[in-house]
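Taken from Swiss-Prot, the feature active site, proton acceptor covers Glu12. Annotation comment: Swiss-Prot describes Gly78, Ile153, Met174, Glu175 as substrate binding site. Per Swiss-Prot, the feature active site, proton donor maps to Asp198; the stated evidence is sequence analysis.
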Amino acid sequence: MKIGIIGAMEPEVAHLIAAMTNTSSQTIADIEFIAGTLAGKDVVVTRSGIGKVAASIATTLLIEKYAPDAVINTGSAGGFVDSLSIGDIVISSEVRHHDVDVTAFGYEIGQMAQQPAAFIPAPYLVEAANKAIAQLGEVRAIEGLICTGDSFICDPVRTKTMLEHFPTMAACEMEGAAIAQVCHQFGVPFVVIRSLSDNANNDSPVDFDAYIVKAGYHSALMVMLLLEQLEPNSVK
């Protein structure tokens, strides 16, 4: 079993890379891919860069060059659930674009033309993530809708509009739906795991800078615990 792991920024992958053994790396299109062993599994970890285009490029290269059995997207997100605090975790129950609008042609808000409205993670990966939750100590985790767009959300007016469109949204970020869409088209199972770095409000820029390292650590810890739950025949 080989697992691809994608984070957008250095703090989101640094703990994973530091824990890897037997590593080798190559750089393609200015994106470094580090192969090795983590939690007893063969993995390839990459820092994609920020945003949907960067994430799509990295995911496509990862799948084409390394043929992973599954892809995990790890990192930080802005939170929309009152019961969660900075550092807590959202496991994707589904992933959607929040900045896509082709409703004039009969699609749902957030649905890209000729694509599903929501991208659904592999149940076995979500199950493994839920088993890992019990080992997280004081860190809380829930399953929920994660939405993606090419904007850092820190405007209450925009937040209100997003919640009108996606009332069950638990978190928003800038890569997950792009990664999910690429995985969908290649037929590769995926899951998105995000730790909250801010609460998508006026304080978000300050919160993000202060808490990105904490969020990156918690998300990386969740990924490593998830990997420990996977058996060689887990892929479905």
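Quick reminder: no glycine exception, Cβ is built from N, Cα and C everywhere.
Reduced to three states, the DSSP call for Met174 (substrate binding site) is coil.
Of the residues the record lists as binding substrate, namely Gly78, Ile153, Met174, Glu175, the two whose Cα atoms sit farthest apart are 13 Å from each other. In this view, Met174 (substrate binding site) is surrounded by 23 other Cβ atoms within 10 Å of its Cβ, with every protein chain counted. Separation of the C-alpha atoms of Ile153 (substrate binding site) and the residue listed as 'active site, proton acceptor': 19 Å, rounded to the nearest whole number. Straight-line distance linking the Cα atoms of Met174 (substrate binding site) and Glu12 (active site, proton acceptor), rounded to a whole number, equals 13 Å.
Secondary structure from DSSP puts Ile153 (substrate binding site) in coil. Between the C-alpha atoms of Gly78 (substrate binding site) and the residue listed as 'active site, proton acceptor', the distance comes to 14 Å.
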